[in-house]
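Feature annotation from Swiss-Prot assigns GTP binding site to 32-40, 215-221, 246-249. Summarising the annotation, Swiss-Prot assigns domain 'GED' to 644-735. For Met1, the entry in Swiss-Prot reads N-acetylmethionine. For Ser529, Ser607, Ser616, Ser637, the entry in Swiss-Prot reads phosphoserine. Taken from Swiss-Prot, the feature N6-acetyllysine applies to Lys597, supported by a large-scale study or a structure entry. The S-nitrosocysteine feature in Swiss-Prot is assigned to Cys644. According to Swiss-Prot, the feature region 'C-terminal dimerization domain' maps to 542-736.
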Amino acid sequence: MEALIPVINKLQDVFNTVGADIIQLPQIVVVGTQSSGKSSVLESLVGRDLLPRGTGVVTRRPLILQLVHVSPEDKRKTTGEENGVEAEEWGKFLHTKNKLYTDFDEIRQEIENETERISGNNKGVSPEPIHLKVFSPNVVNLTLVDLPGMTKVPVGDQPKDIELQIRELILRFISNPNSIILAVTAANTDMATSEALKISREVDPDGRRTLAVITKLDLMDAGTDAMDVLMGRVIPVKLGIIGVVNRSQLDINNKKSVTDSIRDEYAFLQKKYPSLANRNGTKYLARTLNRLLMHHIRDCLPELKTRINVLAAQYQSLLNSYGEPVDDKSATLLQLITKFATEYCNTIEGTAKYIETSELCGGARICYIFHETFGRTLESVDPLGGLNTIDILTAIRNATGPRPALFVPEVSFELLVKRQIKRLEEPSLRCVELVHEEMQRIIQHCSNYSTQELLRFPKLHDAIVEVVTCLLRKRLPVTNEMVHNLVAIELAYINTKHPDFADACGLMNNNIEEQRRNRLARELPSAGSRDKSSKVPSALAPASQEPPPAASAEADGKLIQDNRRETKNVPSAGGGIGDGGQEPTTGNWRGMLKTSKAEELLAEEKSKPIPIMPASPQKGHAVNLLDVPVPVARKLSAREQRDCEVIERLIKSYFLIVRKNIQDSVPKAVMHFLVNHVKDTLQSELVGQLYKSSLLDDLLTESEDMAQRRKEAADMLKALQGASQIIAEIRETHLW
C-alpha cells in the first residue's frame with residue numbers, strides 16, 4: 001500500500017532538482033463549515049497536535065500539509081550543515097527555509113504567527129497559503145489542504161462578502177481535477193444541509209473524487225445514531241462515508257494525546273456501531289485516503305507519461321540545436337554557411353522549414369509590397385495632381401513664343417505630361433527601399449528560426465549578417481539606378497502613336513462631338529429669341545447686351561474644368577445658318593484642337609475678357625512694361641477652356657499608360673537586380689568572404705553561456721528520462 005506514494009514523491013524530487021514544477025501531485029482538500037471538525041480530522045491523520053484549535057473561526061489561511069513517511073531508524077536529519085537535529089518527528093515550513101521544528105507546539109505557534117502576519121489578529125481571512133511538511137514514521141504519504149470553514153455572517157475584520165470570498169477560495173482548490181475532496185460534516189447536523197457536499201457536487205457532480213467524513217459521532221442527541229447516514233441511506237456518496245470521533249475541547253484542555261483519542265474512538269465505535277467499526281474511524285480513514293490517492297495517481301499516469309515524453313523530446317531537440325563540441329572546424333563552417341544560404345533562399349521562395357503564421361515574411365511580403373503597397377500607391381497618384389488651369393495656359397503660351405497659336409502646340413503637352421510622369425519616380429524608389437528592408441529582415445528570421453546552430457557561434461553569426469548586409473547594400477544603388485532609368489525612359493520619348501493613346505483620343509473626339517450636338521440643341525432656342533428682340537445678328541451683337549441665362553450661368557462659374565459647350569453652326573439674323581461650317585475632326589488628338597469661325601464668333605459674343613487696365617489711366621499709376629505681370633483672376637474664353645480640357649484629357653490618358661508600364665516594370669527590375677541577384681550570389685559571397693583558414697578559430701568560438709546551456713539541457717533531459725523510467729516501473733510492477 002505504501003510502495004506507490006514514495007515513487008511519486010521520488011518522481012517529484014527528480015523535477016525539483018532541476019528547479020521545475022512539472023507534475024501536480026494529487027492533493028486531498030478538506031472542506032466543511034466552520035467548527036465542523038476539519039482541523040481535528042487532520043490532526044488525527046498526522047497523529048500529533050500541530051494545528052490551532054478553538055471556537056469560532058480558527059483556520060484563516062489555507063494550509064498545505066504534506067505528510068512524509070520516514071522509517072523509525074531514520075532519526076537524524078541534517079539541515080545541510082554538519083550539525084543536525086535528533087528527532088523522531090519534525091516539521092518544516094516553506095517560509096522559514098531550512099529551519100526544523102521538533103516541538104509541535106512551536107509548529108502550532110508558528111502557524112498562528114504566520115496567519116496573524118498576513119491576515120491580522122481580528123478574524124481576517126487571506127487566500128495566501130501556508131506550506132508545512134511533516135516527517136513522521138506514524139503517517140502515510142499524503143498531501144492535504146486545510147481550508148477556512150464556510151461561514152455566512154462576517155465577524156471582526158471580515159469583509160461583508162466573506163461568504164463569497166471563502167467560497168471562491170474553496171472552489172479554487174477543489175476545482176483541480178487531480179484533487180480528492182474530503183467533505184467534512186458534523187453528525188449532529190442534518191446531512192441534507194451539508195454545505196461541504198453541496199459545494200463538492202458543483203465541481204464533482206459524479207462524485208468520483210468526493211469522500212464524506214462524519215465527525216462528532218459522540219455528540220448526537222440521546223436516542224439517535226448515524227447508522228443510516230454511515231450506510232449511505234440518507235445521501236449516498238460514491239467513494240463512501242466514514243465516521244470519526246474527535247477530541248472535545250475539554251480533552252484538548254486536559255492535554256489528551258491523539259493516540260489516546262484514537263484508542264477511545266475505536267472503543268466507542270465497537271460499542272455504538274459494532275457492525276461498522278472496521279469501516280470507520282481515523283485509521284480506516286487514513287487507509288482509505290491512501291487507497292484513493294493510489295487509484296487517482298494510477299488514472300493520472302498516462303497523462304504524466306505523455307507530458308514527460310513531450311518535454312523530453314523538446315529538450316532533446318534543444319540539446320541537438322546546441323550541438324556537440326566542434327571537431328572539424330572547416331567542415332562545420334562550410335556546413336553552416338551553406339545551410340544559412342539555403343534557408344535564406346528558401347524563405348524568399350516560400351519553402352522554408354519554419355514558416356511564420358502571425359505575419360507575412362520573406363517572398364510573401366515582397367509580393368505584398370509589389371502588388372498591394374506599390375500598386376495602391378501608384379493608383380493613388382492623381383494624373384492631374386499639382387496642375388491647375390494657370391499652369392496649363394502658361395505652358396501653352398510659353399510653347400507658342402511671340403506668335404499667337406492657331407492650334408495647341410504639342411510641346412506644351414509633352415512638357416506637362418513629363419512633369420506628371422516624373423511623380424512616379426518617388427514611389428518606385430520607395431518600393432525598392434521596402435524590398436531591401438524585407439530582405440534585411442529575412443536575415444534575422446533565418447538566424448532566429450531556421451539556423452539555430454548559429455546561436456552557438458555569435459561571431460560567425462555577426463560575420464554572416466555583415467556579409468549579407470553589405471551584399472544588399474551594394475545592390476541597392478544598382479537597383480535604384482535601374483528604376484530611375486525606367487522613369488527616364490518614359491520621359492525620353494512621349495509616344496503619341498501608342499495604340500492605347502490613339503484609342504483614348506478617338507473616344508474623346510466622339511465625346512466632344514456629342515457634347516457639341518447637345519449644346520447646339522440647347523442654345524438654338526435662346527439665340528432665336530435674342531434675334532427677334534434685338535434685330536441684330538447675334539455674331540455682331542454689342543458687348544453690353546446681356547447674355548442669355550445659359551451664358552449668365554457660365555459667367556458666374558469659376559475657373560474649373562468642365563465640359564465646355566460648343567455650337568455646330570451660328571444662326572444668321574434671319575434665323576438661317578451662317579457661312580461658318582464645321583470642319584471634320586481627324587482621328588488623332590490634333591483633331592480635338594480645331595474650331596470653326598462661327599464658334600470663335602459665338603465665344604467672343606458670350607464672354608468678353610474683363611479689362612485688366614484701369615478705365616481711366618489718368619487716375620492710376622503709370623504702367624511700367626518691365627514689371628513682372630501679376631496674374632489676374634478672370635474668366636477663360638471658350639478657346640482657353642477647350643484647350644485646357646483637351647490637354648487635361650491627353651495628360652490623363654497618357655499618364656495612365658505610363659503608370660501601367662511602371663507598375664509592371666519596376667517589380668521586374670527589383671526582382672532581377674536585387675532579389676534574384678542576391679539569391680544567386682549569396683552562397684559564393686559568403687564562402688569567398690568567410691571560408692578562410694585564418695578565420696576558422698575566431699568564427700567558431702562558442703558564446704560564454706552556451707556550455708552552461710548545454711549542461712542544463714542535458715541535466716533536464718536526464719531527469720526526464722529518469723522520471724519516464726520510474727513511471728514505466730510503476731506501470732509494469734504495481735498497476736497492471
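Using the three backbone atoms N, Cα and C, a Cβ is placed for every residue, glycine included.
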Looking only at C-alpha atoms, tell me how far Gly32 (GTP binding site) is from Cys644 (S-nitrosocysteine), rounded to the nearest Å. 93
In whole Å, how far does the CA atom of Ser35 (GTP binding site) lie from that of the residue listed as 'S-nitrosocysteine'? 98
Whole-number mean of pLDDT values that fall within the domain 'GED' (644-735): 84
Can you count the other CB atoms that lie within 10 A of the CB of Lys38 (GTP binding site)? 28
Cα nearest Ser637 (phosphoserine) among binding-site residues (Lys38, Thr215, Asp218, Asp221, Ser248) -> Lys38
Could you find out if DSSP has Thr215 (GTP binding site) as helix, strand or coil? strand
Is it possible to get the count of other C-beta atoms within 10 angstroms of the C-beta of Thr215 (GTP binding site)? 24
Looking at the binding-site residues Lys38, Asp218, Asp221, Ser248, which has the shortest Cα distance to Cys644 (S-nitrosocysteine)? Lys38
Using DSSP, break the domain 'GED' (644-735) down into helix, strand and coil residues and give each count. 84 helix, 0 strand, 8 coil
Applying a 10 Å Cβ distance cut-off over all chains shown, what neighbour count does Asp221 (GTP binding site) have? 8
